[in-house]
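For reference, the structure discussed in these notes is given below.
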Amino acid sequence: MEHASSTIGGRSGSASVRRDDRVPIVRPTPGGVCSVVDTALETVEERHPEPGELEVNARRFLRRLVALGPRICGSEENERHAVKILLDELEAIQETVPTHHQLTIDRQVVSGSFKMQSLDGVTSEYANVQNIVARLGPAEPSEHSVLVNCHFDTAIGSPGASDDGVSCAVMMEVLRRIARSDVKLQHNIVFLFNGAEENMLQAAHGFITQHSWAWSVRAHVNLEACGAGGREIVFQTGPGHPWLVKAYAESVPHPFAHIIGQEVFQSGIIPSDTDFRIFRDYGRIPGLDTAFIRNGYVYHTPYDDERQITAGSVQRAGENVEAILLRLATENDIIDAHKQEVGTMVFLDYMGLFMLIYPDWLSELICLAVALLAGYTIFDTLRIRGLTVSQLLLSAGVQLFSWLVAAAVVAVIAIGLDSWNATMSWYAARGWIVGLYTAPVLGTLILVQQGLSGLLFPKLRSDPARLEALLYESQRLLLAALMIGLALVRLYSSVAFMLLLLVPTLVRSVVTERVCGVTSGPVHLATYVLSQLAPAGFLLNLVAISLELFIPITGRMGNSLNPELIIGVLMTGYTILCSLYAMTSLSLVGCHRQLSRLLLLVGLLSVALVTLTPLGFPYSSDRPHIRAQRVWVQHVDRTFRETDGTVRRHDSGFMLMNMDRNSPRSLSDALPELATAANTGDDCDKELYCGAPYYYPFRRRVYENSYIAGPAPELAVPLEYRTGVEKRPDGVRRVHFNITGPDHMTMQLSPRPGVQLIGWNLADGVPLTGQEFQGRPTYFLYFSWGRSSAPWAIWADFKVSEQHEPSDYLTDAVINGHHIHGPAMKSATLREFLARLPDWTVAVGFSSALEAIRV
């Protein structure tokens with residue numbers, strides 16, 4: 001660890017801080033309705049504040065960072081040039097700090113290791129990575145701090161304007177504004193500019209476990225991106241500590257948060273992770289995790305430049321960050337944070353109009369109260385209308401059956417499109433989702449519900465109002481069951497079902513039918529339709545947000561999953577919920593058969609157009625709406641050795657990691673040699689990690705890759721290793737690995753039958769298992785160095801049992817060296833290969849060496 005610190009005072013400036021001791025259940029959002037779902041379900045467009053001084057200054061700083069190009073940990077751009085830009089800017093701010101503030105600047109160079117259960121599971125080790133840290137506090141030192149974090153390093157080949165340069169620019173400008181202000185801080189604000197997030201979150205771990213300021217941090221705000229611009233969403237909070245999201249909702253001028261997003265992200269569906277995990281797991285510090293999600297197509301690509309960040313979004317984010325930091329640093333919430341850690345806050349944004357926020361216990365009470373109210377009105381309606389409980393349950397069964405049939409229709413479409421090599425048409429044109437999934441689901445629901453209801457309830461055919469009432473009450477029964485079920489397992493996404501159930505129950509069942517006594521006719525129908533607008537608006541907004549997030553993700557989730565099933569299931573659920581009450585009204589009209597046929601015809605026509613014409617082509621290079629296919633190519637040199645070190649196999653070529661379902665088929669015209677390329681999936685049972693030089697631990701998602709034979713790459717830094725076996729007591733063999741190579745290396749281990757890996761000199765000493773290989777556990781290790789080079793020295797203890805053959809070796813090991821920046825990153829041969837790719841692709845290419853050994 002290396003530190004260089006200074007403290008200085010200076011002149012005063014201006015800023016503002018608001019205090020509000022009330023606890024709002026509903027937090028209004030300025031600006032009114034902020035989003036519209038257009039007919040093609042395109043991007044949610046938000047109203048942002050006009051770009052002001054904050055955004056102008058932040059963009060000016062951002063342009064300086066982005067001008068460096070990709071900033072990879074270990075590169076000159078990251079370790080020297082970006083660090084200098086940050087330190088120069090901080091020192092300039094330091095000179096203007098008034099005397100009632102104290103600004104200390106520190107550069108941390110840190111080494112360490114840790115393990116993380118993410119993707120396949122990884123144990124990460126780092127050496128000499130850098131953090132630039134600034135602590136702004138009162139003149140009289142405080143023992144309490146709030147941390148705000150960004151990272152200035154970037155993904156391979158990306159200039160990283162949104163991920164995460166804009167967050168660093170926002171932090172720098174917020175620091176400048178608060179430092180020059182007249183606000184009297186009670187506690188410190190620690191600004192962490194970390195230099196190794198893309199390396200499996202290493203720099204954040206180095207700070208929170210080893211920096212001398214980390215002990216004082218009571219809460220954190222993490223700034224991230226998986227898109228460019230738009231509204232930054234709070235998608236994770238806590239764990240526990242409901243006071244923190246309450247402080248956010250009370251203080252920020254443009255709140256946008258969804259507990260549904262938190263539950264989706266923490267389920268592992270989204271193939272990403274953030275420094276929030278590190279601060280939570282290794283610092284035990286509660287926090288807020290925020291991210292830009294708009295236009296995820298440019299995430300981790302060369303297109304992620306400043307132009308992609310929407311005007312006003314930087315101003316919006318800066319105003320929010322400044323507000324929450326001032327709230328936490330000027331009040332005493334963080335002092336008693338440990339006393340407020342129990343519980344959860346339920347929170348969600350309603351179409352940009354306001355935020356709902358209330359504690360978990362109140363959520364459970366609300367769900368119970370809504371269920372009781374719904375239950376009373378349901379059974380009271382049965383009595384009034386002369387309906388029976390058996391009819392109610394049978395009608396509910398019809399609804400469930402229609403949902404299952406709709407899901408089956410969608411599954412047939414999704415599997416059929418995949419079989420016909422027509423997947424992801426909606427990637428470039430989201431309107432296809434309506435034709436492929438929404439229309440068939442609606443058509444199926446109408447056909448099954450209306451058809452079976454007429455068949456099972458023949459006496460109600462002549463009384464459409466009673467039939468409609470029966471369908472309405474059965475759907476409310478199902479909603480109540482779903483809401484209570486989710487509440488019982490503590491999934492607060494139940495709030496969506498609560499809203500769907502509550503508003504129509506109050507407006508139609510209570511006010512219209514019981515208070516006003518109107519049970520049929522135009523007024524009854526009009527109030528019923530009006531009661532659906534609020535929940536439908538919420539759901540449509542949620543649909544738009546979900547598609548904005550998930551559709552770009554399908555372009556980088558590998559080829560092992562059918563993305564049509566993912567989007568199809570998502571749209572089936574949303575379509576059922578959005579149309580739930582509208583379905584009952586069809587009992588009052590006689591055109592439901594024609595409508596059902598029309599919708600099914602639209603679905604059939606959409607499938608035909610997607611499969612038989614070029615209209616369904618999923619990719620586009622048209623600016624500004626780039627929808628490029630991601631192509632990951634590693635120029636590799638592979639050597640497979642016997643136990644004695646002799647070479648049993650050696651080859652070289654281009655490893656095409658198939659990042660989406662259409663790869664490599666979509667590239668066959670540009671790369672005709674794919675016709676004879678080897679499929680690494682065929683080697684997964686023969687070679688550890690399929691004999692592929694994995695940079696990330698994502699074999700579970702990306703395993704059928706294409707290997708095209710070619711000349712060997714030109715590697716400036718050779719991958720070299722030495723191994724040794726030390727006999728220890730009780731049948732333990734300690735294997736030493738001493739490895740030198742480029743600044744990014746990975747290794748996979750898999751002990752032989754009868755051998756168990758019981759410990760090593762990494763993390764907490766307990767090995768983290770990952771994917772199986774030949775029925776044996778595997779272990780994925782990741783290593784990088786930053787400011788200066790370092791060897792990778794590992795020892796691992798293997799317990800040898802009686803079942804192990806004495807003539808057998810101890811473990812398979814694959815060592816990979818990755819050249820992801822600098823001159824050795826792309827040879828002339830690799831550049832020529834990449835130049836042949838179509839213009840609707842975006843490529844990441846670099847060189848790797850692989851050594852598969854037996855020890």
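Each residue, glycine too, has its Cβ placed from N, Cα and C.
Remember, it's a predicted structure, so these values are computed and weren't measured experimentally.
Taken from TrEMBL, the feature compositional bias 'Polar residues' covers 1-15.
According to TrEMBL, the domain 'Peptidase M28' annotation covers 131-323.
Annotation comment: TrEMBL describes 390-608 as domain 'Endoplasmic reticulum metallopeptidase 1/1-A TM'.
Annotation comment: TrEMBL describes 627-851 as domain 'Endoplasmic reticulum metallopeptidase 1-like C-terminal'.
The annotation region 'Disordered' is assigned in TrEMBL to 1-24.
Residues 343, 346, 389, 392, 473, 476-477, 479-480, 483-484, 487, 492, 494-495, 498, 501-502, 505, 509-510, 513-514 of the same chain, all 6+ positions outside the transmembrane segment (361-379), place their C-beta atoms under 8 angstroms from a C-beta of that stretch. Taken from TrEMBL, the feature transmembrane segment covers 361-379 (among others).
Taken from TrEMBL, the feature transmembrane segment covers 391-417 (among others). For the transmembrane segment (391-417), the residues of the chain that approach it from at least six positions outside its boundaries are 378, 382, 423, 425, 436-437, 440-441, 444-445, 448-449, 452-453, 456-457, 470-471, 473-475, 477-478, 562, 564-565, 567-569, 571-572, 575-576, 603, 607, 610-611, judged by C-beta separation under 8 angstroms.
Taken from TrEMBL, the feature transmembrane segment applies to 437-457 (among others).
The transmembrane segment annotation in TrEMBL covers 477-503 (among others).
The annotation transmembrane segment is assigned in TrEMBL to 533-553 (among others).
For 565-583 (among others), the entry in TrEMBL reads transmembrane segment. Within the chain, the transmembrane segment (565-583) has long-range Cβ neighbours (under 8 A, six or more residues past its boundaries) at 403, 406-407, 410-411, 413-415, 418, 426, 433, 436-438, 441-442, 445-446, 449, 471-472, 475, 479, 496, 500, 504, 528, 531-532, 536, 539-540, 542-543, 546-547, 550-551, 554.
According to TrEMBL, the feature transmembrane segment maps to 595-617 (among others).
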Considering the transmembrane segment (477-503), which listed stretch of 437-457, 533-553, 595-617 counts the most C-beta pairs under 8 Å: 533-553
Within the predicted model, mean pLDDT of the domain 'Endoplasmic reticulum metallopeptidase 1/1-A TM' (390-608): 92
